[in-house]
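For reference, the structure discussed in these notes is given below.
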Amino acid sequence: MKHPLKPNRLKNKNLILIGLGNPGDKYRETRHNAGFAVIDYLSEKFEAPLNKAFLRPVSYGSFAFSEYNVYLVKPLTFMNRSGDVLPYILRKTACSADDVVLVCDNMDLVPGMIRLKKKGSSAGHNGIKSVIESLQTDKFKRMYIGVGRSKTGESVVDHVLGCFNESDRQEFNKAVKAAADALIGLTVKDENLVMNEINKKQD
């Protein structure tokens with residue numbers, strides 16, 4: 001069986017999708033695990049099971065689509081150290097930061113909304129901060145999944161580690177599917193076109 005991180009030599013392009021979140025059932029349904037949710041959705045849709053690396057805190061899988069090797073990655077180091085395993089992943093996949101799309105939660109977007117950006121700062125997100133430090137650049141794409149801000153005055157930490165109510169969960173689930181579809185769209189469309197399509201659908 002081909003190793004999930006070994007490139008398919010028949011494919012000449014790479015797309016590495018890195019979902020951020022915290023490992024364990026305790027965090028599975030929390031807002032902060034939006035990135036994991038998208039990776040899990042793609043894993044199931046494309047029948048690309050995620051495997052725990054030997055002696056490495058990361059799960060990964062892969063599949064071929066269009067001209068691309070598509071890699072699915074979930075760091076298992078907890079959010080604030082999400083970047084720790086990425087040098088290993090990029091080395092094994094022969095990828096660079098140009099091939100990366102980071103998938104994570106964003107409180108500035110309401111549940112149901114998504115955004116694709118080409119680069120940017122961490123904006124206070126510790127998971128993104130860790131990835132920037134690990135890759136030594138902030139020039140990588142991000143897919144943001146809206147989780148909204150607290151309406152009850154709770155702290156940011158309590159909010160992102162909390163769970164959606166029923167109506168927000170429904171909107172979030174729609175966003176997960178939309179984000180997954182848009183990410184796969186990057187294998188067949190120009191990234192600017194994908195960004196424009198996302199914006200038009202949400203206007």
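Any Cβ shown, glycine's included, is placed from N, Cα and C.
Unlike curated entries, TrEMBL annotations are predicted automatically.
Sequence annotations record features per position, and here TrEMBL assigns site 'Discriminates between blocked and unblocked aminoacyl-tRNA' to Asn22. Around Asn22 (site 'Discriminates between blocked and unblocked aminoacyl-tRNA'), the C-beta neighbours below 8 angstroms that are at least 6 residues distant in the chain are Thr30, His32, Asn33, Phe78, Met79.
Taken residue by residue with DSSP, Asn80 (tRNA binding site) is part of a helix. Taken from TrEMBL, the feature tRNA binding site covers Tyr27, Phe78, Asn80, Asn126.
In the three-state DSSP scheme, His32 (active site, proton acceptor) falls into the helix class. According to TrEMBL, the active site, proton acceptor annotation covers His32.
The site 'Stabilizes the basic form of H active site to accept a proton' annotation in TrEMBL covers Asp105. Over all protein chains present, the Cβ of Asp105 (site 'Stabilizes the basic form of H active site to accept a proton') has 25 other Cβ atoms lying within 10 Å.
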Identify which of the binding-site residues Asn80, Asn126 has its Cβ surrounded by the largest number of other Cβ atoms within 10 Å, counting every protein chain shown. Asn126
Inter-residue C-alpha distance, Asp105 (site 'Stabilizes the basic form of H active site to accept a proton') and Asn126 (tRNA binding site) (nearest angstrom): 11
